[in-house]
């Protein structure tokens, strides 16, 4: 169970090793009323609790995390759905800072070729603090399109495109010296102080120090890959169970989100052309759910294979694997590692005409609200398999490379599809254990997995 640290509770009267085995019910808590609640309520042996401090598993929102995590004691078996400073990866400005820092580290330690593997995000500047650097870059490349994004908002809120320096100057003048209004709370970065503990000041401590809402100015990808003349991006799910060591799973299913209007650079003010967020697209006057604003990743992969051949598709998806791993490695040393925490990230990836993937952002709270029956089924399976990997029931051995729709892609090093030790000396025949957009026969895999685990438990030692 969890409890406030000042309650001086001693815990249960059995050893921690046996405590987990003896639990007959998993007590869960969540405030999210969407697909997640359906999955939790229908999971065998799980029961919902309302009281604070009486849960074994809490799928919380990030606001609860900021206010309560540091004051909550958790028993060995307790799990919670976010890392303390998840925003090092999921806030747009922190993500870019960490990726830039990691790229410099790789260049220094491994050379330019290895560092170039981090060149998967568009040139980005934090505003307003890097305004002068941005202006310098802007003047080097006049006429290109830029996109402004608030660092802590989602669902396309506050985003605009521009090509003239006057537009950004007007924006800067319009916000300079004003307190932000309607802005999400800015989480404090967790810094290591000389004593070795983390500085976890609340976001409210820093809010008044911010004269304006922070944005990033990012070079807009002007040559996106189009299907049916429409722009799209990909939503991919990555589950991180640990940062030290890094242990990450990639889900086989995901989807492509299409804009509702044919792509053109002649109307940069039209969000229905340039923003693929469902929250934006569903406000379009001619939006129809059955029109096809989402494709499952398996369909998308098959489409690309028919157009470009299997080899080009393998290269593209391998490049996306690189994005997932390098982005996680970029924050591995700054994320506060905690055995109670896991995180289901939603990656947003854009593909350009050259089949190069670009990382747009990473979401700590990817939408779990279904927009269609197909979307509901995907998210239900995703969440069921997330709970299988988290393994509150203690059924897994820890050696599994696949659980349902999740494939273990990194376990303190790359994971091979083949069984046995990995020979990474030349990487000649090494194939990463990822199957994004491939067949997801999760039900049959889970049936075989749990049957095998049950047989192992019954076998004489």
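Even glycines carry a Cβ here, placed using N, Cα and C.
Among the ranges 98-134, 135-171, 172-208, the stretch that Swiss-Prot annotates as region 'Disordered' is 172-208. Feature annotation (Swiss-Prot): of 1-20, 21-40, the stretch labelled region 'Disordered' is 1-20. Residue density at residue 221 (ATP binding site): 19 other Cβ atoms are found within 10 A of its Cβ, drawing on all protein chains shown. Take the CB of residue 379 (L-glutamate binding site) and look out to 10 A: across all protein chains shown you find 24 other CB atoms. Reported as a whole number, the C-alpha separation between residue 348 (Mg(2+) 1 binding site) and residue 363 (Mg(2+) 2 binding site) equals 8 Å. When pLDDT is averaged over the domain 'TTL' (22-402), the result is 84. Nearest by CA distance to residue 149 (ATP binding site), out of the binding-site residues 257, 294, 363, 379, is 363.
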